[in-house]
């Protein structure tokens, strides 16, 4: 019996065995990502793909300053409104800035035909050469070129007119038919602007041009149009009952344009040889211009970012991220960040990849924790970690490269009569924007799911690598841990980690320890059976004694009559 009790004591006294665990890195990161199946998954590492900040400044673009139109708009600048004289010397820019209160446009009232299309053309121009297409001094010898001035375009209190146009009127009582041609030899497109004057009365027509039935004809290989003045009474605008309509065309290299008129011509004086590029644009912004430089400009401010997406503004100029409506686009690069609960013991829940990661392992994503007589410690598996880092880095770079189509996105121009087209265009643009946003978000969700699954797969592979080496020299105890059936010193532990574990060397010791443990289990079962029998007999005796005592007490006080028959 003493031997049995000794075996039972041994069964409840377990010596601490050598142990090795497979696990993964955890840290104090609070980064969260979304996946297809989950939201706000905390991860150890992640990269942001969405730029949401700007510097609040209008800057030079790649070292080239923008053209700030100030109180002028594009029309006032190109026509040469006297209030825009400071812009006459501008010949190159990175982009063009209008403000919300750019009031100086056409000074003489009238309509600028196809003005929105002209703005679109100028959006792709980064510089031009302003030159006299028809010199004022000798191009119109039979007509007056100095009397065409008006109070509508006054400057510093004196009558004036556009700096790039000539208002040609009769000389004396004669306005002979004029004809003037220009052949483009600039080697690039030339922007030519002219106008047609529409007087309010026939007397004004005669006093200015003499000819009652005047016309203006403009023709090139691509443009051909004849204009006749529309004489009619109109309400005064800026003190003028007359109107001027403004026209423009682009003349190709080698092409010739001819102006013919018997009156009412607002002739071109200066024209513009255009240098086109893809990086310019026109933006409307009240943001101040600063002495700074950027690669991407929005009306709100400059973006200095290499990220593939931004949600600052849909209008951009330069090498800019794609605008999306998203508020968060974060891609996971690390693992699920689930630090283990330290109070649960070294080889409880904290030890494995099932319930939590290790904050103590800081030099890799996956690795080992061991404990033996020589101590305990963490060690990262550098090979699997490096392979994972390379794979995920390549994936992130590939995603950024594919989605990082940087370009200029400027607003399209529509006049007041094209509201339906403008509204339709906005709907189309919104549709494309929704598609871009959906694609970006879906891409990130899918890649995050794949990345986290990839990490889980790598940890599982590391676990299977250890398991296949140890075989029956150790047993699985959960949470990614193995308990050795033999003593495993630091050299032994290192061999498990680097894949050189010598199974035959430890198999005999492991076999003996397994058999001893199994024997203890069998002896323990015998003890448990003996104790169960003793416990049953003792319980029965106690029950019988209790019943006898109760019966004796009841007989003694008359509650129970006892008759003994012989």
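Glycine is no exception: its Cβ is also placed from the backbone N, Cα and C atoms.
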Among 104, 557, can you tell me which residue Swiss-Prot lists with the annotation N-linked glycosylation site?
104
In Swiss-Prot, which of the ranges 509-529, 530-550 has the transmembrane segment annotation?
530-550
Which recorded positions (40, 84, 107, 153, 304) fall within 10 Å of residue 320 (disulfide bond) by Cα distance?
304
According to DSSP, does residue 40 (N-linked glycosylation site) sit in a helix, a strand, or coil?
coil
Of the recorded positions 84, 104, 107, 304, 492, which sits closest to residue 292 (disulfide bond) by Cα distance?
304
Near residue 84 (disulfide bond) in space, meaning Cα within 10 angstroms, which of the recorded positions do we find among 27, 28, 59, 104?
104
Quick one: average pLDDT across the topological domain 'Cytoplasmic' (551-566), no decimals.
57
I need the CA-to-CA distance for residue 153 (disulfide bond) versus residue 104 (N-linked glycosylation site), whole Å please.
10
Run through the Cβ atoms and count how many others sit within 10 Å of the one on residue 498 (N-linked glycosylation site).
11
The rounded CA-CA distance in Å from residue 72 (disulfide bond) to residue 107 (disulfide bond) is 11
